[in-house]
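Chemist: Would you mind keeping the following structure in view while I ask a few things?
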Amino acid sequence: MAPLDFWTIVVAGAFALCAPIIFAGLGEIFLERAGGFNVGIEGMMLVGAVAGVGGSLAGGFWVGLAAGILAGGVLGLLLGLATAWGKADMIIVGIAIGLIGAGLSIALYQVLAPASQGNVTAPVQPAFELSLLAGIPLIGRGLAGAGLLFYLAVLLVAVSWWVLNFTRFGLRLRAVGDDENVAVTRGISPRRFRTIAALIAGALAGLGGAAVSLSSIGTFTPGMTGGAGFIALAVVIIARRQPWTLLVGAFVFALFNSLALLSQTQNLPLPIELYQALPYLATVAVLCVSSRRSWAARRTRIVPA
Amino acid sequence: MSDDKSGGVRRLNELTDAAARSLSSSFRAGGQSARVIIVLYVLAALAIVGLLVVGTGGDLGVALGGWVRGAFGTGYNTVQTLSYATPLVLVAIGVAAALKAGVITVGAEGQMLIGATTATIVALWLGPSVPLWLGLPIGAIAGMLGGAAWAYLPGLGRVRWGVNEVLCTLLANYLAISLLNYLLRTVLRNPAGSATPQSAPLPDGFLIPQLPLPARLHIGAILVVVIVLLALWWSRGRGAFLVGVFGQRPLLAARLGLTPARAVVSTMLVSGAASGLAGWMQLAGVDGRLQPGVSAGVGFAGIAVAVLGRGNPLGIVVAAIAYASLTTGATGVQVATGTTPAAIGTVTQGVLLLAAALIVAAPAVRRAARRSASPPALPAVSRHVPPSLPQSDGNRPSENQTDSQMGSTSSTGTDHLDHAGTGIDRDADRHENLESAHGPA
């Protein structure tokens with residue numbers, strides 16, 4: 001296979017894979033901007049995935065997406081109430097919600113499709129081909145066939161960027177995250193904004209989960225999100241909580257995933273596991289470098305001459 | 001844009017700090033007085049689980065009966081529950097030590113995998129000629145070394161470069177899975193061939209013998225009891241006190257002779273070694289050969305157990321048995337009701353953990369309600385001082401700085417430690433905490 005053809009396929013796979021990470025990451029950006037943190041994205045995504053299948057069975061693809069958003073939102077609200085109003089520890093609550101989500105998704109799927117009835121298949125995203133773009137070399141084919149969910153994700157990135165930077169709501173949300181005490185003196189309730197941010201985070205994670213199950217499979221398997229929630233968490237850190245940078249970061253991670261998937265069928269020189277591990281290795285490296293830089297900056301700043 | 005370039009990481013570090021401090025303090029303070037709130041949370045948690053059972057068409061009484069029978073009903077089931085609880089206790093004791101020092105490690109899962117992997121490598125390399133009395137300690141030590149090594153790197157990253165340990169250990173889990181999959185596909189692959197990826201069975205000299213009981217429980221459980229006793233003894237000594245002080249007030253701990261680097265790295269090593277040991281036990285006592293599912297969620301559950309047991313070794317044992325009974329009992333519930341899925345066990349574990357997190361925080365809610373009218377308190381000294389923080393007096397110390405200067409330049413070092421003293425006085429609450437903790441020590 002010619003190298004260009006090979007990379008065209010890899011890029012096409014990445015376009016199709018990155019939507020769930022973008023959705024979940026956007027939610028996490030809202031939450032982290034308001035001073036929160038969510039280790040339970042994975043659980044929210046799983047519940048979103050199973051709700052997406054249920055909704056899609058009941059009323060088609062769009063109802064499925066709405067169901068995913070709703071299901072994730074419920075868990076997000078739980079996170080918000082527990083951390084902002086109950087003052088519970090964010091990381092423990094995150095782990096708890098991860099457990100609840102993982103268990104609940106399996107339980108719900110057993111209710112939805114009892115083992116005796118065999119598997120169910122729900123309607124997936126409608127065909128959406130931008131044949132205009134297909135002529136561009138390397139990325140054209142991927143862009144044309146990326147699917148509705150990818151373009152929805154790009155749209156949401158733009159909306160999130162606008163909301164965070166150019167609306168009163170976004171300003172207040174950031175104020176709560178930057179300095180809670182100042183926010184209080186300005187009459188902004190940190191609790192309310194944290195809860196809303198958690199709700200948004202849950203809803204978007206649920207949407208991300210629905211995007212996993214409804215992109216092309218149309219059914220649910222336990223643990224089907226395969227760590228996408230944790231990848232989203234890492235991408236948000238690398239992207240420094242900026243929506244557009246998140247888009248790029250999610251794409252890079254999806255590129256590695258796509259390589260790993262492809263290496264199962266193609267004969268690539270390096271072991272599959274290395275491609276699977278590369279995104280995590282890259283995140284660790286970025287984390288070390290960025291931490292080290294700020295660490296060094298702090299030292300030179302604080303230590304008197 | 002108000003973010004500086006490393007905003008995300010900095011913010012996360014602050015969050016981790018706050019979480020670490022609250023966890024560390026909850027481990028210290030024993031009986032809190034917010035009983036009403038606690039009862040409310042427990043009732044809410046029970047109501048949620050009950051709702052789930054009824055919602056899936058089950059009968060509450062039948063489900064409860066099924067749970068008790070599934071977990072403790074017969075001798076076989078009871079031993080099964082204890083068998084599930086054994087690795088949980090081990091992981092939780094290690095994690096609790098780290099949490100006490102304010103280090104939030106979520107890497108037990110990966111450390112178990114690596115511990116089991118190194119034990120397998122050593123066992124297969126030494127071969128069947130090794131007798132049991134030698135094979136068991138070799139396996140255990142290999143597992144502990146493997147787990148400790150996997151925990152050492154995030155610990156080093158934290159003290160050297162300030163890398164956030166929550167993310168780092170989380171990512172290390174995924175790297176461990178990839179490494180294990182790779183080894184099982186290549187070097188460690190079962191030469192006899194098999195449908196699922198797994199290694200060759202361990203030689204007999206490395207397998208942990210089973211106790212003479214109706215179900216499978218290996219004699220490693222006795223070792224766990226010994227470790228619990230050791231942990232109990234340690235938790236009353238000066239070492240545990242110092243680590244606890246570090247969790248609350250790193251600067252004070254430095255003054256008492258425990259540097260941040262030593263506190264973080266040593267507790268990370270302990271938690272890694274405990275997880276690695278648990279990995280070895282699952283390998284040599286339960287599975288008999290290396291498989292990708294050797295950790296089976298025990299690592300994450302261990303964190304939950306450490307929090308539920310509030311860091312106390314005996315509390316951890318009780319919490320681990322209760323937690324394990326949810327897994328074994330869930331099967332009983334499924335059998336009894338016929339409709340309620342066994343995944344209800346996982347949900348209940350999550351709900352339980354959520355309730356525990358809220359209970360731990362209950363006193364904070366009451367405090368916040370009491371002084372809601374008064375102005376916000378001064379922020380406590382952080383382990384990671386953000387660069388943008390207004391430095392009112394220009395030389396407010398941070399632990400980072402102490403870390404770099406500790407032991408090297410004595411004059412500036414003492415100067416900063418004096419400032420540390422003022423830092424403590426600023427925060428009356430924490431001061432109180434420290435004093436009350438000093439009592440029993």
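Easy rule for this one: first residue shown is 1, then count along the chain.
Using N, Cα and C of the backbone, Cβ positions are placed for all residues, glycine too.
Just so you know, TrEMBL annotations are computer predictions that nobody has curated.
According to TrEMBL, the record shows the following:
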| type | residues | note |
| --- | --- | --- |
| TRANSMEM | A:6-27 | transmembrane segment |
| TRANSMEM | A:34-55 | transmembrane segment |
| TRANSMEM | A:61-84 | transmembrane segment |
| TRANSMEM | A:91-112 | transmembrane segment |
| TRANSMEM | A:132-164 | transmembrane segment |
| TRANSMEM | A:196-214 | transmembrane segment |
| TRANSMEM | A:220-239 | transmembrane segment |
| TRANSMEM | A:244-262 | transmembrane segment |
| TRANSMEM | A:274-291 | transmembrane segment |
Chemist: Let me check one thing: do the transmembrane segment (A:34-55) and the transmembrane segment (A:91-112) come into contact, meaning three or more Cβ pairs under 8 Å with sequence separation of at least 6?
Modeler: yes
Chemist: So what's near the transmembrane segment (A:196-214) in sequence-distant terms, Cβ-Cβ under 8 Å and 6+ beyond its ends?
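Modeler: Residues packing against the transmembrane segment (A:196-214) from afar: 19-24, 26-28, 30-31, 33-34, 36, 38, 41, 44-53, 55-56, 61, 64-65, 67-80, 83-84, 122-125, 149, 153, 156, 173, 220, 224-225, 228-229, 232.
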Chemist: Can you name the far-off residues of the same chain, 6+ from the ends of the transmembrane segment (A:244-262), with a Cβ under 8 Å from a Cβ of it?
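Modeler: Same-chain contacts beyond the flanks: 9-15, 17-18, 21-22, 25-26, 29, 153-154, 157, 161, 231-232, 234-236, 238, 268, 272, 275-276, 278-279, 282.
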Chemist: Let me spell it out: take the transmembrane segment (A:132-164), skip the flanking residues so only those 6+ beyond its ends count, and list any with a Cβ under 8 Å from a Cβ in it.
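Modeler: Residues 4, 7-8, 11-16, 18-19, 22-23, 26, 29-30, 33, 125-126, 170, 173-174, 204, 211, 214-215, 242-244, 246-247 contact the transmembrane segment (A:132-164) from elsewhere in the chain.
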